[in-house]
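Chemist: OK, Swiss-Prot features for this one:
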type     : residues                     : note
TRANSMEM : 39-59                        : transmembrane segment
TRANSMEM : 74-94                        : transmembrane segment
TRANSMEM : 108-128                      : transmembrane segment
TRANSMEM : 136-156                      : transmembrane segment
TRANSMEM : 163-183                      : transmembrane segment
TOPO_DOM : 184-741                      : topological domain 'Cytoplasmic'
COMPBIAS : 200-212                      : compositional bias 'Low complexity'
BINDING  : 410, 411, 412, 413, 414, 415 : ATP binding site
């Protein structure tokens, strides 16, 4: 009896060791109680023994006899492939023992694939019957091939083989959960490549097409929800479309010598080793809460992300989801954390997710995220970071099409903006993407000054920021005029036609339009100075600019209703919320609670346009030294080509000043020297009434000397004392010119 127990102990130990090896590179950790390693270990051994006999001892008389009367007797010539299927299926079971439905599906698919492959071989060998002898059967399709093919013997051989091929394709669809249409497309594409290789080699799009089809086969088009198969995928693609689109080379204009920076310019960090003991303690504490309140539920596993670990809880029969949600405070008490979030259900699973912050957080380096982006991906593709299961999260800014970012101080909002801009600098040519950076805080984006992607110097003056946004609106209208004139609906189609020289203009030379990305680092400062003008421009851009290739990212520390107005929210469909201070702020940015429970430092909730629920991510991190290296590199490749932004002032200079000209000049000199735009000060110093002082202040506002009124506060003076003489000369000249007109 003791010997039997010893054998069982050794067997379990070997199975556990094999399972641990199979799970080394898995993104998902498994609790010990959920591991089922003995069955997959047995399959692995069968596959290993089969590989030895079928491959390495091929031609040996003993190997031939053993194979002939065992596996080859059942599957015939297909038995040479069976070791691969057995070993692959065993690794799948090692990693996913709790996915009962998926395991049954894969088992059925593999059996279908093996059976109909054997039947196809049996028809190819002339369909011998068992009476022909075991030796002939083992060289054809075996007993399985004969049984499966027997109902098809009434058909001609070529039709029977066609039916077998159809079922083989169907089995691949069952195994991979991929639509048959995509599998057929891939088969035809490779068949075309095989029989027409010369034409494919000369096609400039062949490599992109094959990579695109590979993404279709593996299911990496944009998933409807971020949770589908997240443990099986290392990359999650968000925001509506696949990232590949057109290759980078199609976006480059006539520019030539510019070379994109290598990703080696960014820092590399060693992978973090996780300790499952900490997660086991949490599961023990959570299980204690369930027992204490008599809740029939069990934990089926956990997924460790960089910031939080998601524990999967399967409910027993008759247990309401509301019971788990009602225990949130008790769970927080048990794990000693006030940042517990409950996801009910986990998208794509019949399980509840309990997200608990890790005691030791993982740094998500921007370099590692960008390494996961396909080289031919869209130039506006950026790496957001990692999700709660540890998979990389990517998004295409053109499909968002606009983004609203909010978070309190220290939440990681500015770090995300830096990562996004750095991603663009690393992956996009200046002729592909141009940037408009608006930084009212003056210090956040100053590091990017002089990069060739800028279309105008970094804007730090809120008053000028309003004018720049008006210029963006005019640029959008110019692009739409071209689209309408030449009959295109999107700027990409227009650019392709221009590069192919399919269209031309008599009045000017047509050139491709670059994407224009507008980034506002602090929306609240702009809304404080010129709320009406800023909101009007932002709403125009967000309503209409998508097809013209113009996209805007709005970031703010204060997601209050007077900053993020209803019109702005309605037209900016994608949201990214970092940690905020209150439930009210979370509802403003996401229209739901959740952001108030984030732990800060890059922990965020991303709600793309195509997702029903926000996805928890850890934003990627890039250091200031890395940014400096990237900026210095791109500045060494090209110089910025600034546009002249011609924007007409909202106010009109009143030329009918009459006898007030001397007073206006005195008022201008007084305001600029004192740097105080106060109407009451003009009343006292110039000894004029309130109406006259107010008129003088309005005239100075129309001339860009002072900013708009701010209630009882003094107006901001926009001209420095060093520019006093030139300003006085400009006033005199403008009034004289208007009189001549």
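Glycine is no exception: its Cβ is also placed from the backbone N, Cα and C atoms.
A description of the local structural setting of each listed feature is requested, covering burial, neighbours and distances.
Modeler: Proximity of distant same-chain residues to the transmembrane segment (108-128), defined by a Cβ-Cβ separation under 8 Å and at least 6 residues beyond the stretch ends, is recorded for 75-78, 81-82, 85, 89, 136-137, 139-142, 144-146, 148-149, 152-153, 157, 160-161, 164-165, 167-168, 170-172, 174-175.
Long-range contacts of the transmembrane segment (136-156) within the same chain, counting only residues at least 6 positions beyond its ends with a Cβ under 8 Å from a Cβ of the stretch, are 67-68, 72-79, 114-116, 118-130, 163-164.
Long-range C-beta contacts of residue 414 (ATP binding site), restricted to its own chain and to partners at least six residues apart, with a cutoff below 8 Å, comprise 444, 521, 555. The secondary structure of residue 414 (ATP binding site), as reduced to three states from DSSP, is helical.
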Chemist: Beyond 410, 411, 412, 413, 414, 415, what residues of that chain have CB atoms within 8 A of the centre of the ATP site's CB atoms?
Modeler: 407, 409, 416, 578, 600, 601, 602, 619
Chemist: Check each residue in the chain of residue 413 (ATP binding site) that is at least six apart in sequence and keep those whose C-beta is under 8 Å from its C-beta; list them in sequence order.
Modeler: 405, 406, 407, 555, 557, 578
Chemist: Pick out which of the binding-site residues 411, 415 has the most other Cβ atoms within 10 Å of its own Cβ.
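Modeler: Ranked by Cβ atoms within 10 Å, first place goes to 411.
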Chemist: Among the binding-site residues 410, 412, which residue has its Cβ surrounded by the fewest other Cβ atoms within 10 Å?
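Modeler: The binding-site residues 410, 412 were compared, and 410 has the fewest Cβ atoms within 10 Å.
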